[in-house]
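Written below as structure tokens is the structure these notes are about.
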């Protein structure tokens with residue numbers, strides 16, 4: 001009875017607490033949006049990258065982000081071309097009963113034609129690198145030093161991955177769209193192709209055991225594919241990873257040069273889809289997501305696009321970030337711009353990745369969801385990075401984190417991983433600063449999580465205390481994430497001293513305190529959301 005009464009009191013208090021938290025959040029967003037609108041009205045004449053708007057009368061549109069500007073401007077062409085290619089692919093598949101090899105040839109030809117239009121002769125340069133990678137893999141796949149060769153080859157080209165290099169290349173070879181995004185995606189696929197092929201040649205004894213167990217039935221393996229994909233990332237440091245590699249080996253057995261190239265240049269595949277998933281869906285189109293759900297997915301994308309247009313017409317966050325105006329603004333305004341830039345970036349990548357995933361689903365290929373969780377619903381760094389470019393996160397787990405020792409060397413591995421992520425994006429000091437700051441901020445979170453696992457609350461009071469400490473830790477983590485992204489994408493490494501002097505000054509301390517309180521409230525709301533999901537499940 002006493003336990004039931006305590007549970008009832010706890011439930012009542014949590015409901016009252018949730019109302020208070022929601023009221024605070026509403027007030028916070030009213031203040032943030034109002035100040036954002038005021039800043040945009042006051043400073044728009046001093047900002048670059050603004051163009052006449054179309055959605056709202058007498059409003060400019062912030063298209064200062066080159067990646068967003070290029071994607072947004074090419075949406076009609078992309079939709080038309082993907083629509084035509086998809087229709088032709090389905091007609092050819094139905095007419096000639098094409099399977100993996102035939103469909104890979106069809107999509108390879110379509111993709112090469114379209115990428116040639118986008119990138120001009122730059123496609124020749126990228127395919128030359130991919131050809132070199134294929135040759136190296138075929139020659140050295142069974143050698144002990146194979147990882148060194150593949151990483152050295154791909155890292156070498158990533159170090160050339162900077163804006164100046166691509167401006168020279170594109171000026172010489174032509175094209176209508178920046179080649180850099182395709183290039184960095186191709187690098188990841190070249191590495192994954194190389195290591196998957198290498199691993200299939202290294203697990204011969206285990207493969208033999210599995211073949212005996214399954215009766216060498218590919219159908220049985222495919223039916224277990226979804227289970228294996230879950231196991232590899234939930235508990236990767238066991239035999240499940242070897243079993244997963246065996247499934248991959250079933251595809252690599254019939255691998256040819258043009259199937260590898262199709263995987264590398266597939267136009268709809270900006271997500272890091274694995275080669276075995278790609279080939280399987282070419283043979284048997286995905287049916288996990290119904291036509292109705294794919295249609296709803298496209299409709300939700302349109303709503304997200306309208307939200308983005310509203311944001312860029314009303315609040316010029318990215319234009320502020322690219323200017324030097326932040327140096328003359330108050331700490332409160334810098335916080336608002338930094339918070340706005342983070343939300344702009346999240347929505348930009350959500351729209352880009354979901355656009356390509358939508359077309360992949362229509363083509364029958366179930367690409368992974370890259371932004372499964374809202375940026376404002378993450379209260380720890382590990383959770384944030386698992387849900388920001390999720391397919392890339394899984395790629396990093398499989399090809400860097402696990403080979404380096406996994407959770408046994410977690411504290412060391414994050415430095416290697418985030419340094420690679422920074423170089424993969426671009427070779428700039430501000431990105432390296434962002435990566436290393438993120439690693440520094442990971443340390444207290446990992447320590448707190450270890451302590452939390454060892455702590456066992458014996459009473460309702462103990463549970464309450466632990467919950468409050470977790471909320472405080474979440475507030476500190478989100479603040480650290482904000483600082484790292486401000487350094488990486490707004491003020492740069494040279495602005496670190498300015499940030500410290502501004503926020504640790506008399507005018508900045510109340511803003512810093514307000515940030516912590518706000519993120520504490522946000523973390524508590526996230527707890528309520530997680531608990532509601534658990535009750536529903």
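Just so you know, the numbers here start at 1 and follow the chain as drawn.
Placed from the backbone N, Cα and C atoms, the Cβ positions cover glycine too.
Source: prediction; values computed, not measured.
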| From 148-166, 205-223, which range did TrEMBL mark with transmembrane segment? | 148-166
| Intrachain residues whose Cβ lies under 8 Å of the transmembrane segment (18-37), provided they are six or more past its termini | 314-315, 317, 332-333, 336, 339-340, 518, 521-522, 524-525, 528
| said: Taking contact to mean 3 or more CB pairs closer than 8 A (sequence separation of 6 or more), are the transmembrane segment (431-448) and the transmembrane segment (469-491) in contact? | reply: yes
